[in-house]
Every structure is written in structure tokens, then in C-alpha cells.
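Peer 1: Dumping the structure here so I can ask a few things about it.
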């Protein structure tokens, strides 16, 4: 924030202007500079012996705008009298002495009074009875002392009270200075009705307003944001025949500048310079015509008050009072430093850098003394438009002219460098403030903290805060949300909480700041932390949260998906004295819609309408999209009709949700109907709509239409999105068009946009085309790309490995899933059951495991995982999982013992396998086919031929139900025990007895014939 100088009024013996202060806001948006002359003129100034010489420029060689010869002029005298100070009082401080602090300078500027005034002022501060205090002293008070007493009152009621006492004295003579003081106090307090009565009384008492009066009224109305009303005072002034002086003109320019009406401010200034004040050009006649009392525009309450008081004080004075006509004809130019400062600021804010430079040049040429504010304004203008070298040059010239930079000067420099992200330069000027004997203020700390927080420089931020505490300054509330955000981003919630606890005791935070802090937590889904900040007011008696805090708290609950809390907060907010607004309803409806809570969102929509709030387009579209996702398309259409009836125009998002919903539901004609409606409304389809249409055409098999839409998306900014590209790959996959699908897939990979759906679709395409090696390559590439994030992606890659016979790779992926606490889902189990069959696991054992999983029996999933690890040879992992149920005291089914026996046997843990079998019998569980299958593998691994003979005899004589899997296990077991003769004997006898086909050594990859092609398709990679 820059401090600039303007003009106002002093209440001395003669009616002369006082010095007013106004601020140039650093938050205003300055326009871009497009001057063809460049902006190097400020770097081309060299002050030597009263002349201006060009300096070498390292950038553009454009002709400088400021190359004028000037002399240092002595201080000019005010042509209108001694009541107004026109020049610039330059103060130079030795290097060894620090400049006074801001508070000290303010105190130094305050006048020190002699005589009885100090005691009178102290008495008035401590005594409520004005009459009692002033009664005994009245006779000894001069007119000047009366003015001082009136001016020094701190609030409008005191000013009015003192003035009423003055008027009650018989010997008091009313004067314009006292009325100016009272009118100013009432205007600053925005007591417009009291101001009107004072103005009427002033006219009745025959006290005529002066330039000072009108300028002061323009000032107070302008600062209250009443720009039109402020300018109406100038119209009234002209009706009285008074021409604005320089101070009044400067105030009008400042009021228009602060209102953003830069062209009107410039026009007023230029007209004044040629002796005209053409208010008609400022479009005021359409408001009120005070000469005939008519007007075309509606009259507000404040306009009515102005009409009344203008009529009262609108009589035309004699020419001797009003001034001569020559005054209006003569050209004039400003002489005050503060006027030039205002003009420079005006053109800077308007983005007219050349005009600002011309005013600066005119100051030099006219010998108008420059002050710190002049350079601060120019430095800010240059820096705000990216001309940092010119800002540096101006700072150097400022020091050469022995105009001492103040803290605001360095604040500007560090702020403009912070804006462009130059942290080194920012910190350089931050340190320089103390180096030159100044002290950082709250603006300094705010700018430095903001740039450090943007880069998450925690240590540096804490060092600045520590320095502030040493200087007895608290972290300002506007910086607090920024620091909290830095801590949250860096994962330091404890430090954020400690800072909040400390600041809560020292700083009284506004509702907006609390809401900003809550929003930091809300964005990260940290609703408990946001809730803590929200509840601060509950600990303070008489305090309540405003609607902004409620809305942010609802947002936090929505981000955290705690919808019940959001709903409860909404229902209770009225009981705490806060009523929901339009934003509250919109946020809740959108939140519930995103959580697929369609009924709650629909009820709130109806309640919102009953409360006479208008839902916005986003609210309707979110509810329509919710119904579309849920497949409740009739409800989606109903909400669409409500939207149209409410006068809210549907946009492409609404139509996209409806088209996509009908496309997903297979209602192709309805999807196309809404697409036609959208085109009839003149809405161009966006990516979402075009993607939905590609889905529609894909389902219709309309290849040419889908291809044409995809080509249309290629011409859009950013090209087709990933969903459209995947849809096209899927369409090509259905049509068996490998090269076309591969072209899009490779393009996605090159741009880094390929996702798990892209890879899965390509695996599906290659698998269907019998290109299993290519499918495995894609699966491996997907794994290496880090796209295995959920069950769906893992299942598709594992299925690809199973179809290609790469069972061990499938087992390794299962271990990766298991280590991430991702237990198999239904899709995973389908893949694993097929994998077990292909791995030679008994069909009866697989069916047994499948049945246990469907029934949800204890340790069913763990048993499947153990069997898979054993089949693929990952025995250590198999035994690790096996321990989870073998050591359990729970009552488990026979399938767990069967798997345990199988796992221990294949791992060579024969004793554990046999002990498990004995434990199974002790619990009264009879062995089944799966048990015998596991035992045969165990006996074969241990070379226990007698055990296999016993099971074979039971099978041969019908004690065990005939089983192809068990027969195959016996043959493999004998071979494992190196008894090929017995294996051949069993093979021959069984072939004769059971008419079984010959088994050969190549049968190790054999599995049950009942695994059909349809079963294999269950784990296909299709979408």
C-alpha cells in the first residue's frame, strides 16, 4: 500500500485548504503498457548541476520520454495567500541517525498548543458535559482557539455538541470554517441527514460555502463511495458561480480515479486546465436537474437529500462573491506537488504509462518539488508493469536528489520483485530497510511472508515471524491463512495448530480470515481441523459464525465425504442465528450430487426454490449428472425440465450428462435427440459431448461417424481426451483393426496420457486376435508404467499372464497385491481359479475352494492365495500365508487342511503336512478327494510309495470316488518318487479298468477337460 498525498482543508482563521492524505491501493490492477516508445525513460535520468542528461541504457534504444532541461527552483509562494503550502519541504537525515518510526512521525505532525488549549482539550476528553467545561472559559477563547477546540474533537457527536454550545452563546458569530468542520465530521461518519440539516442551517444563517466547503464535501462523499453524489456538489458549485481551485480539482480527480473512472478524471483535469468544468460531459444531467427539479433516472434516498439541500443553498450570489468570468477563461496549470502525485497515480492505474511519464517530466520542467510520494508512485507504476530496471533507476535518482526513501519505498520494491518471483531481490530490499535505519511495517512482513510461503520455505518464514515477535509485532491476520497453507502443504499440521493457538490469543480474526483458514483445510479434506476453527466462536459469549464460515465448513465436510455432518450443520444453522443463502444451497446440492445422494439433493433443490433462491446452472447440472450416473434417467429429465422452466439456460455440461447417461444405458435415440436439441440451442459440443457420441456410434457400430467425431476432436484445443481415445481404441478392438488401434495407443503413450483402460483395451485386442505375446508385452509395459493401482488393473494384467501360461508372473503380481493389503476381489478370484486349474491343481479342490469363497467361509481367500503360491513354486510365500490359518483356533473347514497339506508337501515340509492330516482327523473331518489329492503330492515328494499304493488301491476298489485329477496325481507322484514302473502300471491298469487314455511325460501341463472356452472367456481382458 502506497501513501500518496492529496489535498483537503485547514481550519485556520482564513478559509484556506488543509493537507489531506489519501492512499493509492497496491491491489488495484494496472493495465498493460503498449506504448511504441518503450518504457526506458525512467532509467535515463541523470541529475547534475540542475540538468537532465540521458544515461546509457542496456535495453531498448528508444528515445526517452523524459529528457528535459530543468533548474532547481526556490520554494514557490501560494498566489492565493499564505494559507496553503505549495512547495515540498525536504528533510535530510545523516547516515548515522535512524529515521523516526511511523508512530513518532504521526505524533510529531500533531500540533502542540499553548495557553489554555491543552487543559481545555483534556477536560473535554474526560468530561461528558461540554457546557460545563466550556462555560467558564468561553469569554477568554479567541476565534482561533474556538476553531482548534472544534477541530480536535474525535467523533461527530462531540463536534456537534461543541458547535451547539458555540451557537448558544449570544456573542458567537457563525463562520464558514466552523461549518466546514462540522460538515466534514458528519460526512466522515456518513450522517447524511444531519449533514443536510447543517447545510440548511448554514444557508439560513447567511454563511456562504467556499471552495474549501465544496472540496471537503466532494472528498467525504467520494470516500463513502458516493461518486455521483460527490460530483453533484461540483455542479451545485458551478450553479453558484464558483470555479474549483486546484485543491478541489485534485480531489475530484482522486475521487474519479479511486472509482476506476480514469477517462472521466482525465477529462475533468484537462477541462480545468483550460478554464472549463463541463459536467454535462460527465453524464450527470440524467440524474437530477436541479434548475427545474426534473430528472429521468430513479431518485435514491441520498439523491433526495441532495435535492433538498441543493434547493436550499442554491441561490446565485453576486458576481463579486462568485468570481469573475476571466477566471474561467484563463488557462491554468497545477502548482502543488500533491496534484502531480495524484495525476501520476491516475495515469499509472489507467495503464497510460506515457502520460504518467509526461506528468513526471512536467514536474521537472515546472520546478515543482518532488517528494517521496512522487517517486514511490513512479516506482510502483514501473514495477507493476514489469519495468524493474526503471524502478531501480528511479530509486537511485531519488537518493541522488537527497529525497530519503521511506519504508513504503522499499515495500514497493520488494513487492514488485515478489510479484515476478525474484525472491533474492525481495529479500535484498527487506534487509535493506533496517540497513538504512528504517523499520519494517506490516506491509513489509506481509509481502515477504507471502513470497516465502509460496515456495514453502518453512525455516525462512519462521525466522521472519520470530523477528516480528522481537519487534513486538504480531503476525497480521491476512498473512495467517498463507502461513497455515504452507504448513499444511508441507505436512506440518502440528505447527499450523500451534500457530493458530498463539494467534487466537493475540489477534482478533475477522470472519473472512477464519473462513480463509478453514478453506485451506477444506481443500485438503481435513474437515476436523476446519471444524476446530469453525468452533472458535462458540467459546466466545455472544459470538456467532456468519454465513461465509458455514459455507466453507459445508465445503470441508463435502471434501471429506462426511455428508451426514454437512446435513446436520445445515439443519442446525438457523437455530444459531444464521440463515442459509443461495451459496449454501448450491454447495449442498452439488455436494450431495457428487456423492450420489440424489434424494437428499432433490429435496434441497425443492427447499431452495421455496426459499425463493434461484439454483444456478452448475447446481442443476450436478444433480442431472448424478441421476445419469445412477441410471435414473427419468429423474434426470425431470430436473432438466425444472431447469428450463426456472429460466436457467442449459449448457454443454447439462447436455453432455444427458447424452452420456442415455448412451451408457443403451438408449441411443434419446442420446441423439438431446444432441440435436443442443445444436438447436446454438451450443457447440465440447469434448464430453463428443466423447459420449463416440460411445453412441460405437454401440451402433457406426464406424464412420465415430471416426469423423474423433477427427473433429483432434481440431479442438488440447485434442481428444483420454476417454474419447480409449473409446476409439475399443471400437477398433471390436472391429479387429489392430493397426488403427495401435496408432492411437502409441500416440497416447508418447503424450504420457495412456491410462490403465488404454493398456487393458490393447491387451483385450491382442488376446482376441490370438497375439498373446503382444498382449503380454503390453501387460509388462503397463506394469512398468506404474499403472497397477487397483483391483481392475491388477486383474487384467494377471489374466493376460494366465492366458499366456505365465503362471509364476501371475503369482508375483498376486504377492504384490497382497503386500499392499489388497485382498482379491471377485474378479481376482476368477483369475486365480483358472490359474489353479491350468497349474494342475485338482478340479475337485478348485471347486471346493470356489464354493468356500462364495459362502464366505473363514480363511477361504487365504487358502486360495496359499494354493496359488504353491502351484507357481513360491513356497516361502505360500507357507507364510498358510500359517495364518493353521495356527488359528477357529473352527475351519476341510478345505483349509487340504490346502495346508498340499502347501507343506510341495515345500518339502512332510512332517507338518502329515501332522496337519492327523489334526484334521482328530477334529472329525473325513478326508475327501481334495485331501487325497494333497496327500498324493506329499507322498510323492517324500518318496512314500506305500502311501500312494494305499490311495491307489482305495481308488481301484471303489472306496474313493473315481477322479481324473487324483489318477493324474498318482502317476505324477510315482514319477516324482522315481518309480516309473509303478506309474506305467497304474497308467495301464487304469486305462483298462476305467477306459482312460494314455498319459505321457508331456502331460505335466495337463488339466481338466471340463475347462471350456466359455470359462476361459470369464477372465478375458474385455471391457
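These residue numbers are counts, starting from 1, taken along the chain as shown.
Any Cβ shown, glycine's included, is placed from N, Cα and C.
Summarising the annotation, TrEMBL assigns domain 'PROP1-like PPR' to 563-667. The annotation repeat 'PPR' is assigned in TrEMBL to 336-370, 371-405, 406-440, 441-475, 546-580, 581-615, 616-650, 686-720, 755-789, 790-824, 893-927, 928-962 (among others).
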Peer 1: Please list the DSSP helix, strand and coil residue counts for the repeat 'PPR' (371-405).
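Peer 2: Helix, strand, coil within the repeat 'PPR' (371-405): 26 helix, 0 strand, 9 coil.
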Peer 1: Do any residues, 6 or more residues outside the repeat 'PPR' (616-650), come within under 8 Å Cβ-to-Cβ of it, and if so which ones?
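Peer 2: Contacts of the repeat 'PPR' (616-650) (Cβ under 8 Å, skipping residues fewer than 6 from its ends): 585-586, 589-590, 592-594, 596-598, 601-602, 605, 609, 657-658, 660-662, 664-665, 667, 670, 681, 683.
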Peer 1: So what's near the repeat 'PPR' (546-580) in sequence-distant terms, Cβ-Cβ under 8 Å and 6+ beyond its ends?
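Peer 2: For the repeat 'PPR' (546-580), the nonlocal Cβ contacts are 511-512, 514-515, 518-519, 521-527, 530-531, 534, 537, 587-588, 590-592, 594-595, 597, 600, 611.
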Peer 1: Looking only at the repeat 'PPR' (616-650), what are its DSSP counts of helix, strand and coil residues?
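Peer 2: Tallying H, G and I as helix, E and B as strand, the rest coil: 26 helix, 0 strand, 9 coil.
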Peer 1: Please indicate, using numbers and ranges, the residues of the same chain that are 6 or more beyond the repeat 'PPR' (790-824) and have a C-beta under 8 Å from a C-beta there.
Peer 2: 756, 759-760, 763, 767, 772-773, 775-776, 778-779, 782-783, 830-832, 834-835, 838-839, 861, 864-865, 868-869, 871-874, 877, 881, 1005, 1016, 1019-1021
